[in-house]
Amino acid sequence: MSSEADEWNKVLWERQPFPDNYIHPHSFLSSLRRNPNFKPYTYWPLVLLCCAITQHLATIFTFLAVFVRLKERWLDARVLLWVSIVSFFGGYAMYEILSYSNLGRGAFTRSNTIKSSLLVFLALMGLSPVLRTLTAATSSDSIWALSACLFFLNALLADYSSMKPVRQERLTSVLSMNAAISSSVVLASRLPDDLAVFALVLFAVQLFALFPILRHQLQVTPQVAQILFTLTLCVLSFALTLPLSVSVAYIYAGISITVTFVAPGVLVWAQKYKNEIRGPWDVAVPRLN
């Protein structure tokens, strides 16, 4: 039988004195492979990649802290408006510096950006009275629950990948931005006056629509800059949340530490249990030239 088996070829187009499901007993496990596409992770590069998630969570808690201060009249809406304007020009200048090496960014692109920003500014100013009365017939408990679900969806679907030479917007990132803006509009409808609504929605547009663009650029900067930027956002959001609620501040700190340091460690630890087996029993994959 072994002499006949030595003449067996693993092809279907050739007529052989063996059944179609015949397997050579000595070569059955010769092509066995374990984890062929496995690339082991290391801890600190994973921590650095998780900084994008930590930055996004910091923006959410920063926005919520600002909303509570506006709702309780502890923050003047004019102050938030000026902070938003200064932050916009500072972030735009940083974006221009980081993308200076990219080709094709000229005066035409800058003029379109300025025109779009002015249109958004004027549109929000005109819609503020409408947004303030948007949820007047809805109970506050429903508003808080809806806002929490939308922010959870925003964090779940956000694009945390780094900037690529040619980058296209993903559908999930668009849905994430829409969820955050919708939640911001819903919360803004609980504010007492039109100026506060306008300032909060403008602040939300900067945090959830413009800041992710800048964050993608920051992910290709040196690691020290990314770490310092993440630490600054975390300290700022924690400092804004702590006076409002100590328990919420500690919960936020626990979430940030878990996402940044614990989750990468669990992933590295779980790699030893990965055992993917490939062999001749797998479905054949055609290879085309």
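Keep in mind that glycine also has a Cβ here, set from the backbone N, Cα and C atoms.
What TrEMBL lists as transmembrane segment is 43-67 (among others).
Positions annotated as transmembrane segment by TrEMBL: 79-98 (among others).
Per TrEMBL, transmembrane segment is recorded for 118-137 (among others).
Per TrEMBL, transmembrane segment is recorded for 143-160 (among others). Note on the transmembrane segment (143-160): residues 49, 52-53, 56-57, 60, 135, 169-170, 172-173, 175-177, 179-180, 182-183, 186-187, 189-190, 208, 212, 216 of its chain, located 6 or more positions outside it, place their CB under 8 angstroms from a CB of the stretch.
Same-chain residues lying 6 or more positions outside the transmembrane segment (195-214) and placing a CB less than 8 Å from one of its CB atoms are 56, 59, 62-63, 66-67, 70, 77-78, 80-81, 83-84, 87-88, 91, 94-95, 98, 120-121, 124-125, 128, 131-132, 154, 158-159, 173, 177, 180-181, 184-185, 187-189. According to TrEMBL, the transmembrane segment annotation covers 195-214 (among others).
Listed by sequence, the residues of this chain that lie at least six past the ends of the transmembrane segment (226-244) yet keep a Cβ under 8 A from its Cβ atoms are 48, 51, 54-55, 58-59, 61-62, 64-66, 68-69, 218-219, 252-253, 256, 260. Residues or ranges marked as transmembrane segment in TrEMBL: 226-244 (among others).
Residues or ranges marked as transmembrane segment in TrEMBL: 250-270 (among others). Below 8 angstroms of C-beta separation, residues 41-43, 46-47, 49-51, 53-54, 57-58, 61, 230, 234, 237-238, 241 of the same chain, each at least six residues beyond the ends of the transmembrane segment (250-270), sit close to that stretch.
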